[in-house]
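Below: the structure, in structure tokens.
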Amino acid sequence: ITPAAIIKKLTGLVAATFTPLTAEGEINLSVIGPYIDYLIEKQNVKSVFINGTTGEGCSLTVDERKQLAAAWCQHGKDKLEQVIVHVGCMSIKDSQELAQHAASIGADGIAVISPSYFKPVNADALRLFIKEVSTFAPDLPMYYYHIPSMTGVAFDAADVLNGIEQVIPSFQGVKYTGTDLRDLGQCVCYSQSHNWSVLFGVDEQLLGALVLGVHGAVGSTYNYLGCIVNKMLVAFDNGNHMQTRALFHHYLCSAGFDVSVNKQVMSEVSGLAMGPPRLPLLPCPVSKAQAIALKIKDFSQGH
């Protein structure tokens, strides 16, 4: 039986997790266990995407990323449904090392952004990069993480997907963090015949993506608003568009959409110490995060 035949398709809400740091800026692994319990019990979110943009993955060392991945897999065993580890780096060697490590600790999948200093000149070059990373974890589902606003790599994700199954047998889908709905629609269309997952990554535009047929969403706000968005997904699936819109409008009013803000909001809402972001990101003023947390509390009590 091929690995693809027994792979559990990644669907629904996936929390793009924050990396807990101490006040001195060191990774704080002691928070991971309680963090997992909080996601499952309070937000009904059972899959995570770690070391991505929200997790400040590109600001962490390879060793720090390994420690975090190991902690998430260890504490999440028999609790979380899927732990997807982002392994994208500027250096292909670092990405390969992280991919191999993810496979060794029992991760459920890996994802890769495009390198962004030396950028791939076209979709073929990027596909080759992803392929060379996947060979270090051939049995793990591989996802392409498309985020042109951060990488500056703006060619269509659909072009990257085109024919990728012929070179990467473990390929399982795309995390689409972009606003080009035409390209997103093409990704959904291409993925249908392969039973891949298309997961949307722009939290505040999720409703538009659902209409196009995405299979789930990966985002930072699902750490602390997963419960509300899960209700919205149920309403959408049931064809209750008025309730879907109402929930989405409330969600938009009570979410933050920047890593520093979200990290502080998560600390306020969950009571878990996420700590500051790492430079060059600056901490969010606590008063701003508290104001957002208050809105969330008011809304949650009303539901």
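Glycine is treated like the rest: Cβ placed from N, Cα and C.
TrEMBL does not curate its annotations; it predicts them automatically.
Here is what TrEMBL records for this protein:
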ACT_SITE  Y145  active site, proton donor/acceptor
ACT_SITE  K175  active site, schiff-base intermediate with substrate
BINDING   T54, V218  pyruvate binding site
Determine the Cβ neighbour count for the residue listed as 'active site, proton donor/acceptor': the number of other Cβ atoms within 10 Å of its Cβ.
-> 27
Integer Å value for the Cα distance linking the residue listed as 'active site, schiff-base intermediate with substrate' with the residue listed as 'active site, proton donor/acceptor' is 5
Cβ neighbour count (10 Å, all chains) around V218 (pyruvate binding site) is 29
Students should find that the Cα atoms of V218 (pyruvate binding site) and Y145 (active site, proton donor/acceptor) sit apart, in Å rounded to an integer, by 10
Nearest-integer angstrom distance between the alpha carbons (Cα) of the residue listed as 'active site, proton donor/acceptor' and T54 (pyruvate binding site) | 13
Within the chain of T54 (pyruvate binding site), which residues six or more apart in sequence place their C-beta under 8 angstroms from its C-beta?
-> A16, T17, F18, G219, S220, N223, V259, N262, K263
